[in-house]
Each structure stands twice: as C-alpha cells, then as structure tokens.
C-alpha cells in the first residue's frame with residue numbers, strides 16, 4: 001500500500017492499526033472471517049471504476065463487455081455451488097438481499113412471519129427499529145422455553161392465525177440445525193411463500209454439513225462473508241419462476257449500479273468454496289465449535305439449547321452473575337473478541353444483554369484446531385472469573401498474544 005501511505009498517511013496508519021488488531025486478537029465474532037489475498041485483490045481491482053447499471057447484455061451503459069463476463073462467471077459459480085435455478089449476485093449486502101425479497105413478494109403492510117430477534121433472528125427480520133419492521137407487518141415466532149429450539153407448534157399456530165404472505169426461516173444467533181422441510185410444509189398449508197436467510201450457515205450448506213434450503217425454499221438469501229469466507233456482500237438464490245421479479249426488485253427497485261469489483265471478489269469466493277479443501281475447512285469449523293462448547297460447559301457455563309450443531313454458540317451468563325456487555329468488555333481487554341448478545345426470553349436491554357455469542361470461522365481460518373479451542377475456553381473462563389483483577393487480565397492477554405503469534409492471520 002505504498003501509494004496509500006504516500007497520499008493519505010492517516011488512513012494508511014489506521015488500516016495498519018486494524019491489521020495489527022486482527023493479527024493480535026483471537027477473533028470469535030461468529031459473523032467475521034479472514035478473506036484470502038485473491039479475494040482481497042479482486043475487491044481492490046480496477047473494476048471499481050466501471051459503471052454497469054442493469055444485467056449482463058442488458059446494460060444502460062456502454063463498455064460492459066468485460067464486466068458482463070465477470071458477472072456471468074460469478075452467477076455460474078454460485079449456481080454450481082448451491083444448485084440454484086436462478087442467482088442474483090448484485091445485492092450489496094445481506095440486508096439488501098432480504099429487502100429485495102420482501103419488496104418482490106409482499107405489498108406494503110403485508111404480513112411476514114419470521115424469527116424474533118431476541119430468540120436468534122436478525123434485525124432485518126422485522127425489528128421495529130429496522131426498515132423491514134416499519135414497512136411490513138411482521139409476526140414473530142421463537143424457541144421453546146425448555147429445549148430452546150425452534151417452536152414449530154408456535155410457527156404453525158401463528159401461520160394459521162395470521163395467514164402471512166411470506167414465511168422466513170434463518171437466524172443470526174441460533175446454534176442448531178434448522179428443519180427447512182417443516183417450514184415448507186407450514187408455508188404450503190397457509191399458501192405462503194417461503195424464504196430462508198442462510199447468511200450464517202452458507203459455508204456449511206455449500207460443504208454439505210447443513211441441509212440445503214435451496215431445493216425447498218422459494219427464495220434463499222445470504223451474505224458472501226461469514227462462513228463462506230468471502231468478500232462482504234449479498235446473494236439471492238431463487239426458483240426460476242421468481243427470477244424476473246427478484247432481478248427487478250434489485251435493479252431498478254433498490255439499487256443502481258452494481259459493485260463490479262465486489263462481484264469479481266464474489267466469483268473468487270465461490271471458486272474457493274468449490275474446492276475440496278473448503279469442505280475440510282467447514283468440518284473443522286463445526287468440530288472446533290463443538291469442542292469449545294463442550295469445554296465451556298465443563299467450566300460451568302450454560303449454553304443456550306445445550307450446545308451447537310454449527311459454527312456458533314450462545315452463552316447464557318446469568319449463572320455467572322455477569323452481563324453480556326461486561327463480558328465483552330473484559331474479554332476485549334485480554335484480546336478475545338466476542339459480541340454481547342440477547343438470549344431467548346431476555347430480561348435485560350439489548351445494550352446490556354445476558355449472553356455472548358461465540359463463533360469459530362475466523363480462528364479456524366487461522367489454522368487453530370481442537371487443542372486451541374480448549375485453551376481459548378480456559379482463557380475465557382479465567383478472564384470472566386478474574387474480571388476485576390487487572391494484573392491477572394494482563395497475564396491472560398500475554399497468553400492470548402502468544403497464541404495469536406503461532407497462527408498467522410491468513411485464508412491461504
């Protein structure tokens with residue numbers, strides 16, 4: 001970054017500072033990962049200079065013969081990776097991908113059934129502070145109080161009562177396998193369309209480690225980062241019969257020109273995910289998550305639903321008499337990055353919370369395995385047991401830094 005260093009030393013310095021933070025810390029935020037140098041190069045390429053409103057061979061600008069090929073390659077690879085009938089690679093984010101499906105299928109004020117944010121859903125699944133919750137009538141289902149898994153009896157009851165236009169499955173903090181077939185049955189019973197937001201589990205789905213929603217859902221949205229380990233962006237997969245209205249919802253409905261440099265980076269992401277090594281990586285993510293979950297339970301932590309089937313776990317800190325906010329702050333002091341998170345039937349503010357969310361994609365990219373997961377669980381326990389002991393926290397921070405030095409930040 002010699003040009004950047006010369007032209008804008010302030011931004012150069014901040015990027016270097018963030019790079020050092022990522023190298024030094026143990027990254028356990030479930031939605032974060034480290035991209036490869038190839039993805040990074042594509043995202044920083046000359047394609048950022050090109051405007052290309054529209055779709056391949058149907059552009060509103062000239063000079064698109066090369067970027068048409070880029071977008072077509074990204075589409076073909078995504079279709080191969082997920083087995084989709086139709087693919088739109090233009091959404092700038094997962095949030096805009098979700099918004100596009102709503103815009104294409106539900107009239108303003110129409111009813112959508114989705115998972116409650118405090119039970120593991122997502123902001124764009126009808127939170128009242130989000131655009132989705134302001135423009136549509138969202139009804140929310142949750143998890144059972146006993147087992148803390150999706151309450152399908154409640155889903156069915158709410159669907160019958162409210163007759164939604166669209167039913168949404170998918171979550172941002174749900175550690176168990178989701179049975180998409182049951183959602184499909186309920187949607188068919190009430191005449192609703194069915195959408196799955198698989199942003200968190202897309203990598204697992206691509207590797208065959210989580211049932212794919214693509215054959216059963218009308219629409220599937222995802223991000224291209226998180227477990228998929230690619231550039232930040234969105235993606236929509238859908239049945240062929242819905243292709244025109246989805247494409248129209250993205251452009252001209254929600255967006256103007258696509259980000260061709262990011263679409264190129266998505267194409268690289270999909271190519272990497274099609275390699276045999278990617279499946280091994282996803283298997284290690286799950287194994288690491290299960291190992292860490294078991295070890296945390298050994299230290300007395302209560303895990304929502306009792307464990308995990310995927311890349312993340314939700315830790316209820318109520319029995320530790322610590323808030324999620326305080327835990328996040330303490331762990332950040334020692335170089336372990338997590339996020340505070342609400343738990344089902346939460347009693348605290350979302351700015352405080354009773355839990356933390358932990359994920360293993362980023363540490364797995366660094367090459368860490370089960371042995372390191374046990375060590376990290378130990379360090380988490382020691383940190384939260386000594387939350388007010390600055391001397392002990394300093395010692396733990398040095399242990400974290402030594403661990404980080406053994407595993408360079410890389411996706412190669």
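Just so you know, glycine gets a Cβ as well, placed from its N, Cα and C.
The annotation (6S)-5,6,7,8-tetrahydrofolate binding site is assigned in Swiss-Prot to 117, 121, 122, 123, 349, 350, 351. Its Cβ placed at the centre, residue 349 ((6S)-5,6,7,8-tetrahydrofolate binding site) has 11 other Cβ atoms within 10 Å. In the three-state DSSP classification, residue 349 ((6S)-5,6,7,8-tetrahydrofolate binding site) falls within coil.
According to Swiss-Prot, the feature site 'Plays an important role in substrate specificity' maps to 225, an assignment based on sequence analysis. The DSSP secondary structure for residue 225 (site 'Plays an important role in substrate specificity') is coil.
For residue 226 (N6-(pyridoxal phosphate)lysine), the count of additional Cβ atoms within 10 Å of its Cβ stands at 28 [all protein chains shown]. What Swiss-Prot records for 226 is N6-(pyridoxal phosphate)lysine, and it gives sequence analysis as the kind of evidence.
Burial estimate for the binding-site residues (117, 123): highest at 117, by number of other CB atoms within 10 Å. The Cβ of residue 121 ((6S)-5,6,7,8-tetrahydrofolate binding site) lies under 8 Å from the Cβ of 114, 115, 140, 170, 171, 172, each on the same chain and at least six residues away in sequence. A sphere of 10 angstroms centred on the C-beta of residue 122 ((6S)-5,6,7,8-tetrahydrofolate binding site) encloses 24 other C-beta atoms. Minimal Cβ crowding within 10 Å, among the recorded positions 225, 350, 351, is found at 351.
Each residue contributes its Cα atom, and for residue 226 (N6-(pyridoxal phosphate)lysine) and residue 122 ((6S)-5,6,7,8-tetrahydrofolate binding site) these two points are 14 Å apart.
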